[in-house]
Amino acid sequence: MGMFERDTDIYRDRDALREDYQPEQLVGRDEELDTYQTTLQPVINGEQPNNVFLYGKTGVGKTAATRYLLDHLQSDAAEYDDIDLSVVMLNCDGLTSSYQIATRLVNEFRDDTDQISTTGYPRAAVYDMLWNELDTNGGTILIVLDEVDHIEDDSILYQLPRARANGNLETAKTGIIGISNDFSFREDLSPKVRSSLCEEEIHFPAYDATELQQILQQRADVAFHESVLEEGVIRLCAAYGAKDAGDARQSLDLLMKAGDIARDDSAEHVIDEHVRQGRTSLERGRIREGIGGLTQHGHLVLYAVLTLDQQGKTPVRSRDVRPRYTSMAERAGINPLVTRRMRDHLSELIMLGILDVTERNEGRRGGTYREYSVSMDPELIISAMADTVELVGIHESIEKLLERESTSTLQDYQ
Ligand code: ADP
Ligand code: MG
């Protein structure tokens, strides 16, 4: 027997729980899919496509619905000789400017040997190349800009939907499908961009527990061997999912985590306890990620509150966090922020669920103030911002915590 042995007792096809798995049918989205299909109908009629704006929180099926309908649209369009349909799907995560989007689009239409570099051209030149590529390609072109809220300037969101009206395109009929996780993105668009990009709008609401249960069941049937899931496991994952954000992705992740834990335990069944453990473990991962994504000042503010907490001084007011924060910033060789900005960091830490806050009343004099405390495992926090702790030095209040971490390489706080 080798070192690695295949274990297939739990999963039949684990990949079916992954985000990129495309289910054959979408469950519980009939109304949205109907609307979406209607907005795409002009493509089959050979007419100028509508621009569509899709919005809703993460994990509510926006990307899945788009892939699903565009797959159908492409195969149905192939039945008509007079329709020449091209689809380009671009995820804008990591592409922050209109310029980057435009160069990416140009390259989508070009051979590997003929790609343009993503810097160095005047923007107008890149747009000209884009119109040229689109017209050369011709036919109907649907351009999906997924996670479009990452684009920071709206030039391309104005130019692209209006390219034909502005006389930049002659032969190609383009339609833009913009997808956003963030509704405020739409509100922040200038009126002229909004009216061209958002001709049609489709909202994807969050899923409730029943819908999540159906989505999970559909995937579980493919992913797990028969009778591996104990009764109640799917219901529990769906209940947690509905409580968190109505996010199908998060629920699927939880089910997979529970399955992985069962597999590691060499269990025959996935049980509720595996789901609970999975949830704790995913939550830790999210916190770690949240802390990892903070700025240095965010870390310093958190470190300050954490040490006050370890000294039994929480809940603590921001004015009492301030001296600790200031001295830590100085140790790190960083200029401390003004009080108001420091408070913004406290608020961010609350939003991330790392700190807790209580509103208090001043009593008769009126006025309220906030008190902060730590709501996460302190060891987890320290390990997630080890760089900052190292830079500032180890505060005496956390020494005991660190003794347990024998591999610690952190320097003492002198
Ligand atoms: P969004 O783009 O809104 O963030 P996704 O479309 O990526 O969300 O969906 C997240 C995951 O949930 C994907 O794996 C997707 O297949 C699945 N999913 C979402 N909605 C449904 C649905 N109605 N039926 C089946 N699977 C779904
Ligand atoms: Mg998506």
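Heads up, the Cβ atoms here are built off N, Cα and C, so glycines get one too.
Under the heading domain 'AAA+ ATPase', TrEMBL lists 48-203. Residues or ranges marked as ATP binding site in TrEMBL: Val60, Gly61, Lys62, Thr63, Ala64, Tyr207, Arg219. Annotation comment: TrEMBL describes 302-385 as domain 'Cdc6 C-terminal'.
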Of Lys62, Arg219, which of the binding-site residues has the most Cβ neighbours inside 10 Å?
Lys62
Note down the number of other Cβ atoms within 10 Å of the Cβ of Val60 (ATP binding site), including every protein chain shown.
25
Run through the domain 'Cdc6 C-terminal' (302-385) and tell me, per DSSP, how many residues are helix, strand and coil.
43 helix, 16 strand, 25 coil
So what's the average pLDDT for the domain 'Cdc6 C-terminal' (302-385)?
92
Entries of Lys62, Thr63, Ala64, Tyr207, Arg219 (binding-site residues) sitting next to ligand 1, with Cβ under 6 Å as the cut-off:
Lys62, Thr63, Ala64
Among Lys62, Thr63, Ala64, the binding-site residues in the record, which have a C-beta under 6 A from ligand 2?
Lys62, Thr63
Does DSSP give Tyr207 (ATP binding site) helix, strand or coil?
coil
So, in DSSP terms, is Ala64 (ATP binding site) helix, strand, or coil?
helix
Give me the long-range Cβ neighbours of Gly61 (ATP binding site): same chain, 6+ apart, Cβ under 8 Å, in sequence order.
Leu26, Arg29, Glu32, Phe204, Ala248
All-chain count of other Cβ atoms within 10 Å of Ala64 (ATP binding site):
21
For Thr63 (ATP binding site), write down the residues of its own chain that are at least 6 apart in sequence and whose Cβ falls under 8 Å from its Cβ; none is a fine answer.
Asp146, Ile179
Among Val60, Gly61, Lys62, Thr63, Ala64, Tyr207, Arg219, recorded ATP binders, what is the largest CA to CA distance in Å?
17
